[in-house]
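*Asks:* These came from Swiss-Prot, pasted as-is:
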REGION    54-78  region 'Antigenic epitope'
REGION    91-104  region 'Antigenic epitope'
REGION    108-116  region 'Antigenic epitope'
REGION    131-148  region 'Antigenic epitope'
REGION    160-172  region 'Antigenic epitope'
REGION    189-196  region 'Antigenic epitope'
REGION    208-216  region 'Antigenic epitope'
REGION    221-236  region 'Antigenic epitope'
REGION    247-256  region 'Antigenic epitope'
C-alpha cells in the first residue's frame, strides 16, 4: 500500500512492504487527485494535481474490512478532512467558511453533544441554553452574513428564538422555523435540516480573534434545536446586489397584496397607512 505525505518542502511517497520495512522516495507520478482549489488569500493559482503545499484534502482515517471467500478480499475505506479545517476556526474573506457547531469551546449546562444522523459529517449540538465558538479572522477586513444549519421541532406557536452576541457587534436574533415533527431526532433525514440567516451583516477586522456566543431566549424548553454548523458568507458586490434584488421583489409581492385589482391599481378599502409603512420598511 502506498501513502503520500508531505514534510513541508516536498511530496514524498512511503511504500510499506511486508518484512522489508519502509522505503521513502520523492513522488514524480500522480495516480489520482482530488480537486485543488485556492483556499488562502496569499496562495498562488490552483494546480491540476496536489503539491506539497497545495492540496484540498488530508487523509484522516482508514478502515479495513476482510470479506471471507474462496480468495480472501480486503476492502479499504478512507475518510478525508478538507485542508481549510484548522484548530483556529479561521474565517476566510474569499470563501464561505463552514464551522461545525461541535467545535464550540464552551457549552451551557443544559446543552450537549449528540450523535449525528450520518449525513452531517459529524455530531450535533443539542442546543438548550448557550454555547460559544472562538474563531480567528484572516488578514483582511471583510463583512459577512452569518447563518446556521439546524433542525427544530418547534411549532408556529412554540418556535425557538436564538440570539448571537459578538464583541463590538450589535446583538443579532432570529426565530427558528420548525423543520421536523415529533420528538425523535435520532434518525433525521437530510430534508429535516434547514439554513437560516441572521438579517444584519457583521464586519470583522484583520486578524481579529472572535468569540460568538449563541443563546436561546425562548421559554419553550421542550422544543428541540439541533445545530449542525455555522457559516460565514463574505459579502461581495454581486451578493449585495442579489440581496437587494430579492428584497425589492419581496416588497413588490407585499405591495401587490394591498390592491383589490392590481391591474387597475385599486387599493383595498380596509388598508391603513400603517400597513403601507410596514411594507416600505
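Backbone N, Cα and C atoms are what each Cβ position is placed from, and that goes for glycine too.
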*Asks:* Do the region 'Antigenic epitope' (131-148) and the region 'Antigenic epitope' (247-256) share at least 3 Cβ pairs closer than 8 Å, excluding pairs fewer than 6 residues apart in sequence?
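*Replies:* Between the region 'Antigenic epitope' (247-256) and the region 'Antigenic epitope' (131-148), which are separate recorded stretches, there is no contact, as judged by 3 or more close Cβ pairs.
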*Asks:* Does the region 'Antigenic epitope' (91-104) reach the region 'Antigenic epitope' (221-236) with at least 3 CB pairs under 8 A, where each pair is 6 or more residues apart?
*Replies:* yes
*Asks:* Where DSSP helix means H, G or I and strand means E or B, what are the helix, strand and coil counts for the region 'Antigenic epitope' (108-116)?
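*Replies:* Tallying H, G and I as helix, E and B as strand, the rest coil: 0 helix, 3 strand, 6 coil.
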*Asks:* Write out how many residues of the region 'Antigenic epitope' (91-104) are helix, how many strand and how many coil, based on DSSP.
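*Replies:* Once the DSSP states are binned, the region 'Antigenic epitope' (91-104) shows 3 helix, 5 strand, 6 coil.
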*Asks:* Should anything in the same chain at least six residues away from the region 'Antigenic epitope' (208-216) have a Cβ under 8 Å from its Cβ atoms, list it; otherwise answer none.
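*Replies:* Counting only partners 6 or more residues beyond its ends, the region 'Antigenic epitope' (208-216) has Cβ contacts under 8 Å with 91, 127-137, 160-167, 225, 227, 230.
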*Asks:* List, by number or range, the same-chain residues at least 6 past the region 'Antigenic epitope' (160-172) whose CB is under 8 A from its CB atoms?
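*Replies:* 127, 146, 148, 152, 154, 198-200, 202-203, 210-218, 220, 223, 225.
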*Asks:* Over the span of the region 'Antigenic epitope' (208-216), how high is the average pLDDT in this prediction?
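*Replies:* When the pLDDT values over the region 'Antigenic epitope' (208-216) are averaged, the result is 95.
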*Asks:* Could you give the number of helix, strand and coil residues in the region 'Antigenic epitope' (131-148) as assigned by DSSP?
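*Replies:* Going through the region 'Antigenic epitope' (131-148) residue by residue, I get 0 helix, 14 strand, 4 coil.
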